[in-house]
């Protein structure tokens, strides 16, 4: 308030002076400009007030941090005991702007514009925030750099793996385990699906008297299961929605899809698929099983990687994923051979033959265990096929029928292409309707519930479901479609008639039901596949083809009731064979695979129709491939997954378009001799790049190799990390100690040279200090008083120079806190010594004072004294530490020492005691109180009495007792340890006692020995200012990659700039690379990744690719592109940073891993702030391409 009052008076005085000046000005120049002057002066005063308010207002946290970083203060030595060796530190008072508390020089006295208390609180708050950020970023850096730490459990697991599984063959055990796990999952899921389906049919059949209740029971269960599956999948892992084969096809191509191979996705996929198929919706499980097997393989690889590093290799991981795809199909249909071939056709374009045995072995293990589980738990008589058929093997078909089979393949090819087209158009229609799409996104359960209700209502057996065999499950429907008797025949057995009753009604015949069933499955499967739940597409199209083939077979049986004549022999028509051919042809046309023929043979257990099946599948594939892509490629296009498409044969530009037409020219690179600061800038600005090309210099751009991002970050961490910083801090401390010792030595030498020897003895005159000392000595115990008297009777020291004519006597050892007394001690030194002695006397007096309210039980020795047990009270090391001291601490300590010496040598000890000491000892022994309640004590148990006639050496050795006062980090006492050396022959056993004043804890601690915990070692680190300055200097140094032991890939994949896009596509597809560097005569000119190649191929296939115009002058230049950092920029003018994550100055909200400060060094060595330069604007395509290349490098 006084401060603001002074400011107000000064302001009024200034205004009065200014008003007088304005009056004089008006009298001289007239009154016409008075109003103008007043308005201008009012504006000026308003501006000054705003300026003062802005100056007096406290800066925000970000501004304060920037202020501190821009103007480093003088280095602190209060809490960091290791100053840097540089002595030309910047003075904090060199500039007025450097004063953080706003000191202003006035006419008489200085004045502070800020509250010191608030300033201290702000500083403490900033330090707390910086420390918190430092710890968080330290954890992030450890996670990125340090990787996995080896633990004892991992080492044990590694040892067990090496001596058990590794000896049998790692891949064999891994693949067998993968197959067994998938078989178990498939069996469990089938069991759950059958339970849901049987429950639905049981409810329908049990409520025959009430049709409406039957309808409710028939509809409610599918709706509930679909809603549960949709909600569960959406909450746990939305990545599990759909088939999974398109995603696996993309992943095996080298693209990393986030969260698609995690444990959460596995749980959501298994539970969601079980609920979906249990609802009775026309969906399949083959695609989801491929995804599930891939997830299991990925999780097993991570498990094995923890104690076997071979599975960390990306190529080995992709091999295991390829085998997992085969296991998924094999465990789903018990078809190992067809599963391997199907997974190869569906997921990969170029397959490595070395993975064949892996896929076959894992698929055979899975299929075998899956069928054995059916024998063990489903009462199967033996290992059988999934859809067992019993076609006659003598004449299964006639050659004339091959034409009909080919016709079935042609129709199925057209139908498969139309199926894919309708599916894609329906999905795009649902997406294009933005209003409906927005409404369905807000109401996620409305669309799945409505479709489930619609499909189950249509399939209700008492309604339209009687035309669709609605009472049958999917397995029963396929089994009956594959039956080897003619449904339209009149002479049917009871079992055959029971089968036909599901496929004909009183309103329709077998043909009508088959047509309705095929069309219904065709339409509903397309609609149901859009429900956001895990589902497959293979079983629905398999059923569609089986229904169409059965329809053709029944038509052939009616047309040729006696069979087809060939070579004088009639062969009967088997409609079941036509159903098998139709199922293989339609599913092959939709998936664009030929291996479905092998799957059909394994599922039916017969190869009687191998020729018709192969002919139909080939014709259907040929027709469908010309019209539409496969269903999985169509989903890739719909989801816009980053998969590399194929070049169409009709593309005319595949030979005239080169890699230089679509490569990225803005390449991020490093070079030999790059500084650590520039390297970190490159890493910071390109966080998604996992490798960087290495060139010789920014001028020549000769490609020398590539370096992984992890290696570069580890190199920076090694250069200025915590270990390096601690080493430098220790070195600085050592140098500081050496300098301090040298300075002290020089100072003593100078003092000795300046002092002149005297022949006289300097004696201090009696003063108040000496009188106070005498008064304090009288209050001391007898022994200490005798020692003080003995010390006072010692002869005074002479200050004369020691020569041959003088013999100085031996002087007593000085006290612990007193200065060393030399023959040249002056009066000042003696005065200081007397002052310290006076304070020590006061402290000793405080330790001997009685408590104001003494304990009535105080003053007696513990009962253990009668059993030769002695309690040794501890004297507090610092006055005032112990809150309650009942006995004179120093007297008790002398008493204990005398008791030990008495047992060692009682004769000599008793004879050497003074009378006062004997009286005190006798008085102390006469007490019967428990001294353990008074102060911390140490108990000595005399197990055997020592011999009286011991040597003085033994007595001296036995009396050595060591006390280790352990003090914690904050100065709090922890525990006290006391022991006698092992060579003690008395047999004393010393117990550790906690230093505390609680009697109960003391009693417990005396009875039970406790361990001793050593205090934490003090870590010597730099101050934030020193650390910042040191890191700035270290970051300016150039990098020597050879000394840094950085692993450099000397042969990264390179392409010449004139390589055609056809060769680039073939190389990327066969080799499986994700990016390649483009060179011109050895110089790096660009980089191409999957994104650029895919975009170019799509444009070429659509005839919309426009090659960029080439600049002829640019080709003549030696350097095609300007480097990321200009070559003329020196290391002294680049952006500086504090890299270490545990630095207090390396935290910022706008930078996640590495904070960068922008400063420049002047010629004088001072640091001045510069604004960060604006980043060069890149095209969006370049940024995206670099991001994608980094993700797949």
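Every residue, even glycine, has its Cβ placed from backbone N, Cα and C.
On a predicted model such as this, the values are computed, not experimentally measured, just so you know.
Feature list (source: Swiss-Prot):
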{"type": "TOPO_DOM", "residues": "1-168", "note": "topological domain 'Cytoplasmic'"}
{"type": "REGION", "residues": "76-97", "note": "region 'Disordered'"}
{"type": "TRANSMEM", "residues": "169-204", "note": "transmembrane segment"}
{"type": "TRANSMEM", "residues": "213-236", "note": "transmembrane segment"}
{"type": "MOTIF", "residues": "242-246", "note": "motif 'Selectivity filter part_1'"}
{"type": "BINDING", "residues": "243, 538, 632", "note": "chloride binding site"}
{"type": "TRANSMEM", "residues": "261-279", "note": "transmembrane segment"}
{"type": "MOTIF", "residues": "284-288", "note": "motif 'Selectivity filter part_2'"}
{"type": "TRANSMEM", "residues": "286-304", "note": "transmembrane segment"}
{"type": "TRANSMEM", "residues": "356-373", "note": "transmembrane segment"}
{"type": "TRANSMEM", "residues": "402-430", "note": "transmembrane segment"}
{"type": "TRANSMEM", "residues": "439-458", "note": "transmembrane segment"}
{"type": "TRANSMEM", "residues": "511-530", "note": "transmembrane segment"}
{"type": "TRANSMEM", "residues": "536-555", "note": "transmembrane segment"}
{"type": "TRANSMEM", "residues": "610-626", "note": "transmembrane segment"}
{"type": "TOPO_DOM", "residues": "627-1193", "note": "topological domain 'Cytoplasmic'"}
{"type": "DOMAIN", "residues": "663-723", "note": "domain 'CBS 1'"}
{"type": "REGION", "residues": "848-884", "note": "region 'Disordered'"}
{"type": "DOMAIN", "residues": "1048-1105", "note": "domain 'CBS 2'"}
{"type": "REGION", "residues": "1103-1122", "note": "region 'Disordered'"}
{"type": "REGION", "residues": "1159-1193", "note": "region 'Disordered'"}
{"type": "COMPBIAS", "residues": "1165-1193", "note": "compositional bias 'Polar residues'"}
Quick check on the motif 'Selectivity filter part_1' (242-246): DSSP residue counts for helix, strand, coil, in that order please.
2 helix, 1 strand, 2 coil
Six or more residues out from either end of the transmembrane segment (439-458), which same-chain residues have a Cβ under 8 Å from its Cβ atoms?
215, 218-219, 222-223, 225-227, 229-231, 234, 279-282, 464-465, 468, 520, 524, 527-528, 531-533
Counting only pairs 6 or more apart in sequence, are there at least 3 Cβ pairs under 8 Å between the transmembrane segment (356-373) and the transmembrane segment (169-204)?
yes
Stretch among 261-279, 286-304, 610-626 sharing the most Cβ pairs under 8 Å with the transmembrane segment (536-555):
286-304
DSSP three-state call for residue 632 (chloride binding site): helix, strand or coil?
helix
Counting only residues 6 or more past its boundaries, what in the same chain has a CB within less than 8 Å of a CB in the motif 'Selectivity filter part_2' (284-288)?
189, 240, 242-245, 269, 273, 277, 328-329, 332-333, 534-540, 542
The transmembrane segment (213-236) touching the transmembrane segment (261-279) per 3+ Cβ pairs under 8 Å rule
yes
Can you tell me which parts of the same chain pack against the motif 'Selectivity filter part_1' (242-246), counting only residues 6+ beyond its ends and a CB-CB cutoff under 8 A?
269, 287-288, 290-292, 294, 346-347, 534-537, 632-633, 635-636, 639, 641, 643
Using DSSP, how many residues in the domain 'CBS 1' (663-723) fall into helix, strand and coil?
24 helix, 16 strand, 21 coil
What is the set of residues, excluding 243, 538, 632, whose C-beta falls within 8 angstroms of the centroid of the C-beta atoms at the chloride site?
244, 245, 246, 284, 286, 287, 290, 346, 536, 537, 591, 631, 635
With the cut-off at Cβ under 8 Å and a gap of six or more residues from its ends, the chain residues touching the transmembrane segment (610-626) are 397, 401-402, 405-406, 408-410, 412-414, 416-417, 420, 577, 580-582, 584-586, 588-590, 592-594, 596-597, 600-601
What DSSP reports for the motif 'Selectivity filter part_2' (284-288) is 3 helix, 1 strand, 1 coil
Sequence-remote contacts (6 or more beyond its ends) of the transmembrane segment (213-236), Cβ cut-off under 8 Å?
196, 199-200, 203-204, 207, 264, 267-268, 271-273, 275-276, 278-281, 444-445, 448-449, 451-453, 455-457, 460-462, 531-534
Counting across all protein chains, other CB atoms within 10 angstroms of the CB of residue 632 (chloride binding site) number 25
